[in-house]
Amino acid sequence: MNETSMKLAERMVSVTYLQQAAEARAAHEKKIKILIEQGKCPIDGWDDATIELLVNDFALMDSNNFRHNSGVGEREAKIFSGLVARRHYGMGHGVGRSGDIAEVQPKAAGSSLLNKLTNTMVLDVIRTVGVKKAAGCLVVPLATGMSMVLCLLTLRRERPSAKYVLWPRIDHKSCFKSIITAGFEPVVVENRLEGDELRTDVAEIKRLITSLGPESVAAVMTTTSCFAPRCIDNLEEVAKLCAEFGVPHLVNNAYGLQSSKCLHHIQEAGRVGRVDAFVQSTDKNFMVPVGGAIIASFNTKFIEEVGKMYPGRASASPILDLFITLLSMGVKGYKQLLGERKELKTFLTRQMEEVAQKHGLRVLNTKNPISVAMTVPSDAHTSLTELGSMMFLRGISGTRVIATTDVKTIAGVKFIGWGSHSKNYPHPYLTAAACIGITKMDVETFVQRLDKCLEKFKGSKAPVSVLSVNGDKEAVTSTGEVVDEDSID
């Protein structure tokens, strides 16, 4: 209630009680005032009541929630389902305008304000956790791959004669397909094997820029976060090359925002050379549903151009999710999660080393800050894919078992050794990652089940391969024998 309503309420409720209520509400409103005034992520996370107070206020600022509004256009945020309306807090106009996703939407002052605040809060977090010189960012309702497409299309306008994107190999289809979707020709740069680790072949990138001609190269697309035994690309040296030859440099930082090491390399690359943008996923870094990404840059002009490249209005759902989550976490909460993740990465590595030693295997020696790779038995009775099936059957998700012999063709390009980031990696292996939100119990459960799976895999001639979809939780062995899930170790 406003001051006038509170004054009228004194006829029915004691002034003392009303003053207490007013002071309590003022505490909520003070947080909101500071947020709008500073545009920074709060240090301490907010309670749900304060967050909902603000979001509901924003919703009332959108025209579809005006009591007097009569919408006669083709898009008036008319929402049929009450469930859907409540899911979105009554905000249905989205963000941006047809010419720019970052523009204010005239019909949606509240949603526009929410969008602006989300971008400034995210930029504050990026600077706080490691990339201090980041100049701007844009949260888009696209996953990482399509966000890379948006960046590449922005570069196309600047370099209309460019044809190629140089891409140090990372075996993830969305990265490669983003280049194809943007209309460029990918040039795959194979990684160099040094010990157990796969590293960037900087000399080959330089040779390709020179031989193809800098003007024909749309960008070099490097990667930070990836599955071991691949490591973070040598961003600093690539950035120097891009600055020397005037070639744009895009960094796929999909889940690297949670890693201080990834962020350090981005910061340094921006300092010593050229980095046009670095792109990261919202769900992988902030524990929200899939559907959003953050495009950040050391150059505000590039961010503005990306915003103008987005066609049409955009969904506000991923932005609303991130806005609420940032307010709930606060800077302290996010930093605490990052610290816990880092500690659990060390714990995961140590636990996998113990299991590896028990089974005559070893953890590969890499400097990957998130992912751990461990060799797997290569002389077992069955295909290595069975090991992955065993773990999935026992509730272990996210692991990858790599045979290093698979071949996959994507858009006419053949990748030998698909999954291993290399055409001739010497060891089959499996990977596990310590990402934000992981718990000690997750690690302990994984290691216990991995141990049992390795025991069974090494000695089994009829391993479990298929889990039935009926309610009896049965599994089928390669010999066709049906067994109850409870009988599987």
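Indices start at 1 and increase along the chain as displayed.
Even glycines carry a Cβ here, placed using N, Cα and C.
Summarising the annotation, TrEMBL assigns pyridoxal 5'-phosphate binding site to R75. R75 (pyridoxal 5'-phosphate binding site) counts 12 other C-beta atoms within 10 Å of its own C-beta, drawing on all protein chains shown.
Marked as substrate binding site by TrEMBL: R97, S98, Q105, R313. Residues near R97 (substrate binding site) in space but far in sequence (CB under 8 A, at least 6 apart, same chain), listed by position: E103, V104, Q105, R313.
Cβ neighbour count for R394 (tRNA binding site): 19 (other Cβ atoms within 10 Å of its Cβ, all protein chains included). Feature annotation from TrEMBL assigns tRNA binding site to R271, R394.
All protein chains included, K284 (N6-(pyridoxal phosphate)lysine) registers 22 other Cβ atoms within 10 Å of its own Cβ. Annotation source TrEMBL lists N6-(pyridoxal phosphate)lysine at K284.
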Ask   = Using the Cβ centroid of R97, S98, Q105, R313 as the reference point for the substrate site, which residues of the same chain not in that list have Cβ within 8 Å?
value = G94, V95, G96, G99, D100, I101, E103, G312, A314
Key: Span of the substrate site, taken as the largest CA to CA distance across R97, S98, Q105, R313 (Å, rounded to a whole number)   = 10
Key: Residue among the binding-site residues R271, R313 whose Cβ has the most other Cβ atoms within 10 Å   = R313
Ask   = How many other Cβ atoms sit within 10 Å of the Cβ of Q105 (substrate binding site)?
value = 20
Note = The rounded CA-CA distance in Å from S98 (substrate binding site) to R271 (tRNA binding site) is 35
Note = Among R75, R271, R394, i.e. the binding-site residues, the one with its Cα nearest that of K284 (N6-(pyridoxal phosphate)lysine) is R394
R271 (tRNA binding site) versus R75 (pyridoxal 5'-phosphate binding site) - Cα distance in angstrom = 45
